[in-house]
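Report on the following structure.
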Ligand code: TZP
Ligand code: MG
């Protein structure tokens with residue numbers, strides 16, 4: 001398999017669900033199943049925070065969630081952990097600026113999907129050079145889902161990246177809901193990455209459907 005095309009990557013970013021067991025009210029499997037039914041286009045396994053699974057339990061959970069994604073033809077991305085991604089043959093990896101050096105990650109994962117978090121135009125340019133298939137930009141709005149999040153930037157950072165000719169697929173993240181997703185996309189993002197507006201929704205599938213509404 002060759003590297004993903006930019007056009008296909010942009011489609012996959014449309015409603016990107018990011019989740020670990022710490023983000024779920026019900027069993028993570030049930031939450032993901034409902035989100036897949038609602039139509040998420042990409043999934044990231046982000047097993048972090050209080051009470052998160054470790055060791056064999058973590059790997060088993062990853063495999064169960066990966067199986068659900070496969071049944072819905074939705075690519076399965078692993079946050080931070082290249083070893084886990086390779087062990088379970090995940091579809092890709094997402095790394096932040098403080099994780100394993102992204103150029104090295106690209107070498108290790110071959111043509112699998114590579115997402116890199118970028119907070120500035122400089123980081124976006126570097127992510128391109130390191131071989132990113134997409135960049136995650138945020139937090140766009142205040143979030144309670146990431147303790148060490150950088151400063152809130154608003155959709156303006158995405159607009160600034162597009163004005164600086166950053167052509168990479170971009171997904172906005174941080175505090176995004178159905179009520180504000182349109183402005184993120186209007187700023188130049190190809191989609192929205194969401195934890196709590198999906199995982200804590202009373203009706204998970206419906207929350208995903210509503211998040212799709214940023215485009216007519
Ligand atoms: N990176 C930047 S903000 C964030 C991550 C992982 C958390 C997003 O979660 P939520 O609940 O959608 O604000
Ligand atoms: Mg990270």
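Glycine is no exception: its Cβ is also placed from the backbone N, Cα and C atoms.
A quick note: this is a predicted structure, and the numbers were derived from the prediction, not measured.
In TrEMBL, the 4-amino-2-methyl-5-(diphosphooxymethyl)pyrimidine site is described by 44, 45, 46, 47, 48, 79, 146, and among 117, 181 the residue recorded at this site is 117.
Taking 44, 45, 47, 48, 79, 99 as the candidate binding-site residues, the subset whose CB lies under 6 angstroms from any atom of ligand 1 is empty. With respect to ligand 2, the binding-site residues 44, 45, 47, 48, 146 contribute no residue with a C-beta closer than 6 angstroms to one of its atoms.
Summarising the environment of residue 44 (4-amino-2-methyl-5-(diphosphooxymethyl)pyrimidine binding site), the number of other Cβ atoms within 10 Å of its Cβ, over all protein chains shown, is 23. Mean pLDDT for the domain 'Thiamine phosphate synthase/TenI' (15-198) in the predicted structure: 97. Rounded to a whole value, the Cα-Cα separation of residue 146 (4-amino-2-methyl-5-(diphosphooxymethyl)pyrimidine binding site) and residue 80 (Mg(2+) binding site) is 14 Å. A straight line from the CA of residue 99 (Mg(2+) binding site) to the CA of residue 47 (4-amino-2-methyl-5-(diphosphooxymethyl)pyrimidine binding site) spans 15 Å.
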